[in-house]
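Have a look at the structure below before the remarks.
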Amino acid sequence: MGSVSNQQFAGAKPGEEPSGDSPKAENESQPLHGSGICKWFNVRMGFGFLSMTAKGGAMLDSPVDVFVHQSKLHMEGFRSLKEGEAVEFTFKKSSKGLESIRVTGPGGVFCIGSERRPKSKSLQKRRSKGDRCYNCGGLDHHAKECKLPPQPKKCHFCQSISHMVANCPAKAQQSPSSQGKPAYFREKEDMHSSALLPETRE
């Protein structure tokens, strides 16, 4: 193979450089304008497809799909699109198909966006652990989200307001070795420990 300067390009004469003025090269580098609607948009993943119904002001015979990423949306706050939302956009041809460059509402206004929001991972994790509100004891929220006024402090073990967990009589009645273990394990421990004790003779 020769060096880059010695290679010939298709359609060029020897010693002549290909010009970038060809209609094909110009068409690929220039952004194209289109309009249509949002076909679908995944708010959790942040991408979707637009259904282009007009290109450069001329109506198309059949809609054409154009990829859209949330980073290309012209709007404030959480960026997403609502299914069926009217949009105008600039786009380019890529190796994967058509991709949007900038997406706006009709006339260049902000996009409306979807009302849906992805569920927070931290919210899902803390709910699955069975955490509860320290104020009212409810399972569906935490104290900072509690709608009730501050409640009197109470024992986390027996829920009494007369003492705290450190002075709980119900917790003190449990043997120190079995605290925090379910009853099933305590029974097994008792069975094993009595079987291991040697018999005393009198």
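Placement of Cβ uses the backbone N, Cα and C atoms for every residue, glycine included.
In Swiss-Prot, the annotation zinc finger applies to 153-170, one of the ranges 63-80, 153-170. Checked against Swiss-Prot, the range among 41-58, 95-112, 131-148 recorded as zinc finger is 131-148.
For the Zn(2+) 2 site, the Cβ centre of C155, C158, H163, C168 serves as reference, and the other residues of the chain with Cβ at most 8 Å from it are K154, H156, F157, Q159, S160, S162, M164, V165, N167, P169, A170, K171.
In the zinc finger (131-148), the DSSP tally of helix, strand and coil residues is 3 helix, 0 strand, 15 coil.
Tertiary neighbourhood of the zinc finger (153-170): same-chain residues 137, selected by CB-CB distance under 8 Å and a gap of 6+ residues from either end.
The closest partner of C146 (Zn(2+) 1 binding site) among the binding-site residues, by CA position, is C155; the full candidate set was C155, C158, H163, C168.
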